[in-house]
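**Q** I'd like to ask you about the structure that follows.
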């Protein structure tokens, strides 16, 4: 078997008949499969053992040789080789065809490769192949030319004979007529009888004339056809062809069927044809040139590589190994068989019948019919249903052909090569494991035992609990007591992988250390639920076991959940308290006025209350019942760092652990701060979710991951503890309807009535009335909402849950306690009747129905969205899968400019809202300099939160940062241009598959994006596409619906306002030609512009526009932006437009991910003029190849090629990849393979998919060559130490090195272990 590590490219080409015969182990001659009585394969049949190998290991067919000792012998009785049965998976046979057939892929594919090569229209080609027309294969021009005059004379003689014969016949008939009429006259017949006779005679003469004329025309046709006869000419009329053959058979040869195609190919001169086509392209115009270009692609492909076009016509058909098309016996003696066997049987039957007919010398028409049937059966075998009706099996189901085995989700590529089932895995329901640490999961004992079975068995043998593996296996199966102890030992520090489907991003698989638990459910840490998107309502998860030491190390270092706290999409923590935990911490840090034991100044009667010397003392007061944790107290703290301002005031030198200071706070907040690292400044405020997030964010920026992991774990424990004690529950009695509601409703009812009356009077039309009502009821809903919020008391659990940020929002509470408000119909328009009741009061029947309208739409939407979003992710992964970080720095000076703040008129700075997703986590491309010329942050520095703060303080508004859009690395990107990895907060590693991370980051929130197209204020008509469809439209580079024109030049606008259309003319500043935009529909509004004086208004006559500015509302066409503004601008345009959609849904994704995808969309150049290069004009080529070829040509002193960048949609870009394996496994498998085979494509195995398909390690992460080829070489000292012979006095053997040898615990503090992070 071929070892995948010993080849580094894979080529596909056309197989010739010779190749097919060389692969084959014998010819399949009979359609028989298995003898139903003996259940043994028939000789020479589709399962023949002589051809494909024995069905049983080391046993021949007749049983003469059994046992392995006869290995390699070929039995002389039955001819079967004695070998393993698994050769039946790899040995092929073949069928020798009695007549050649064409390969349907090359004839019927679009475009038809055979048609392009032979310059025949596909319709004509079909007529030839399926025996509907003859084609002229060769003409002996010379002989015809020499003998033309003789032949012409012969033809004239023949025509004269026909004419003479006609004249003689007519003469005779005319005489007979005269005689007849004379006779009738003599008899005195009536005139009508005479007329009848006369008419009859004339009719016969007319027929004679016509018959002769037809004969003459026929001769003319034969003669003109013959004189103009040329190769590749079709003759559909069979009689004409027969005549030609009879008369002039020696001057030409003609044929039909695939044989004729084969003959045409034999005489086809590829080099001459290619030269002709190149000449046509140089001199031709229009359609002719286009056709020549298309044909040259195919012709040049055959010219460039050693493929012979003869491979498109087959003389032999390969038969795939029988194990790949098995036949199994069912209960009841029937057989279930693969469809391929049926298709092969049809081919063999027809082939054998054709052989017999040829041997019998059957008439041509019968033989041709049989040949046509053979051609059709081979077509069905290769690609059933491609031409005509598909061949069906029992129950009218189309049979699955060889092409169908490759195609689609169930095909070979996607089902078996890219997605495999793995052993050492299991799945079970998940339950919550609040007692676990962040890096642990609970694994059911039985599951663990089954997963770790081989390890347990080995260990049992090592420990002498079992004599051999067999008895160890028996012990494990009987679950003896020792087994559990060994299992505990084996699983220690052996991480397992947990995965929850759908795995939308890389955090859908994480590694945990297993803890054995009773029961059958996997226990999951509550903080990782967000990353897995898991909940405990019956979700299931799969467990996988990394086996090798390397796999375990990678799982532990890269995938352990405590190393995956940050989201790869935005770089913000994902593992943070949510739901109950948030409520608990919110409750803990609350400050209640007037609570038991709160701080009170001393009075005459009482001393000062609520002052404590330490948190411990305050805790005692709580235990005594004299204080509650929410009460305000004054307490002296020594183990917590004071906030920045207090630290600066009290400890100018800086605070040290143990320095005391007093704080006015609550005990709850002190307890909360004890959960944070000791040197984190004290946080003295209430903790809703947002605030908790900022703290964890901050920790992630400033502390090692391990500290963050420990902290979130502590927060989780405290959160659950205090959530329990907060007593937050939700009951219907907690839902309080505000008493002011009735009054509010009344006033708004009155306003609505007014509108209604105006409408009745005809003062408003329907649209105006609807928008007025929508406005009124939106206000009413807001009013009720405000009244409801004000009416809820502080200790009510419902607003507490919402305010803490644990779950829900005020809109949902408003539906419960206020009023539901306006709802939409399925079109997305507001229904002007609101739902006035709240859920607590109960809805009326009508309200219930209009409410279900929107709800049902929502559910349907969600279902569609999930599928769409999954498909988007798949396309994104495919287009970006080979973007891998290849080097540290490509050394480019280029970058993009991002805004970090805006200066206001009063000189103050407003931080840009999108710094987090645009500038953060990048590398500076140029020094950031303030107004005085001081360098604040130098070039090449990483922009984290501290650096950005420094820039803002210095008053810098824009910085130039490195970006993957400007990276000059050939394949992939460089680490400096990419910036830091969002998931680790450090510069991205070489080998990181940033393309796939980008695709997952964009695809994972896809399901949250809406489907709907939004209506502008209830106006039907041109909708603005939003949500997921808009993202797809952008990534597929489609022309948007309702596209807006952009200014081709800078200049003054002249606006003409027609009755249905606008007409905009731009007069360029440089005095060039005017640009006119005509027929701009009034349904689209004019664009709002910011003017120099700071005001905003619609575009008007006389305004000045800059090049590339949009003139109307709507979306600009990216192809236009590319044409007018160039590639850099279109990239930035696409990134911003995609971000628009995600931001509108509150999803935070870093720009760099979108940039990675957009970079892939602009990888190609279309060739305009090929210069001295090999490129064909009009072809697409990689930018890197284009530039390399031009450099080479210029160095040789030639003319470089000219090209222009093209923007390709992600689907098209994926299919246009250099790797045919990757493209074939994506979409349109047969088309990709057809194309690759003709071009003899070679796959260099650079991307990830190709390597997964052939089973190599992917060239990313630790699979990249620079990591695979590392060898460890010890230094001299290490060598000396390794081979040193210890003596007795150097303490090597004495235990004093570490601790006393008394067996007591070792006091670690004596050894100076750091206590920074205790």
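Here the Cβ of each residue, glycine as well, is placed from N, Cα and C on the backbone.
Note that the structure is a prediction, hence the values are computed from the model and not measured.
According to Swiss-Prot, the protein has these features:
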- 60, 62, 75, 78: Zn(2+) 1 binding site (BINDING)
- 535, 537, 539: Mg(2+) binding site (BINDING)
- 890, 967, 974, 977: Zn(2+) 2 binding site (BINDING)
**Q** Would you list, in sequence order, the residues of this chain other than 60, 62, 75, 78 that have their CB within 8 A of the centroid of the site's CB atoms, where the site is the one recorded for Zn(2+) 1?
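**A** Result: 61, 63, 64, 65, 76, 77, 79, 80.
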**Q** Cβ within 8 Å of the Mg(2+) site centroid (535, 537, 539 excluded): which residues?
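**A** After dropping the recorded site residues, what remains is 430, 534, 536, 538.
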**Q** Given the Zn(2+) 2 site residues 890, 967, 974, 977, which other residues of that chain have a Cβ within 8 Å of the mean position of their Cβ atoms, reported in sequence order?
**A** 887, 889, 892, 962, 964, 966, 968, 969, 973, 975, 976, 978
**Q** Cβ-Cβ under 8 Å from residue 60 (Zn(2+) 1 binding site), same chain, 6 or more residues apart: which ones?
**A** 49, 54, 66, 75, 77, 78, 80, 81, 82
**Q** Could you give the Cα-Cα distance between residue 974 (Zn(2+) 2 binding site) and residue 537 (Mg(2+) binding site), in whole Å?
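**A** Rounded to a whole number, the Cα-Cα distance is 44 Å.
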**Q** Between residue 890 (Zn(2+) 2 binding site) and residue 537 (Mg(2+) binding site), what is the CA-CA distance rounded to a whole number of Å?
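**A** Rounded to the nearest whole number, the Cα-Cα distance is 50 Å.
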**Q** If I take the alpha carbons of residue 967 (Zn(2+) 2 binding site) and residue 62 (Zn(2+) 1 binding site), what is the distance between them in whole Å?
**A** 68
**Q** By a 10 A CB contact count over all chains shown, which of the binding-site residues listed here is most packed: 535, 537, 539?
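**A** It comes out as 539.
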**Q** Taking the Cβ of each of the binding-site residues and counting other Cβ atoms inside 10 Å, which one has the highest number: 62, 75, 890, 967, 974?
**A** 967
**Q** In the structure shown, which of the binding-site residues 78, 977 has the fewest other Cβ atoms within 10 Å?
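**A** Each of the binding-site residues 78, 977 was scored by Cβ atoms within 10 Å; lowest is 78.
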**Q** Between residue 537 (Mg(2+) binding site) and residue 62 (Zn(2+) 1 binding site), what is the CA-CA distance rounded to a whole number of Å?
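**A** Rounded to the nearest whole number, the Cα-Cα distance is 61 Å.
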**Q** Between residue 977 (Zn(2+) 2 binding site) and residue 535 (Mg(2+) binding site), how far is it from one CA atom to the other, in Å?
**A** 38
**Q** Sorry to bug you, but what's the C-alpha spacing from residue 539 (Mg(2+) binding site) to residue 62 (Zn(2+) 1 binding site), rounded to the closest Å?
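**A** Cα-Cα distance, residue 62 (Zn(2+) 1 binding site) to residue 539 (Mg(2+) binding site): 55 Å.
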**Q** How would DSSP class residue 977 (Zn(2+) 2 binding site) in three states?
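**A** DSSP call for residue 977 (Zn(2+) 2 binding site): helix.
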**Q** Could you say whether, by DSSP, residue 60 (Zn(2+) 1 binding site) belongs to a helix, a strand or a coil region?
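**A** Once the DSSP labels are grouped into three classes, residue 60 (Zn(2+) 1 binding site) ends up as coil.
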**Q** Does DSSP put residue 535 (Mg(2+) binding site) in a helix, in a strand, or in coil?
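**A** Where residue 535 (Mg(2+) binding site) sits, the three-state DSSP reduction gives coil.
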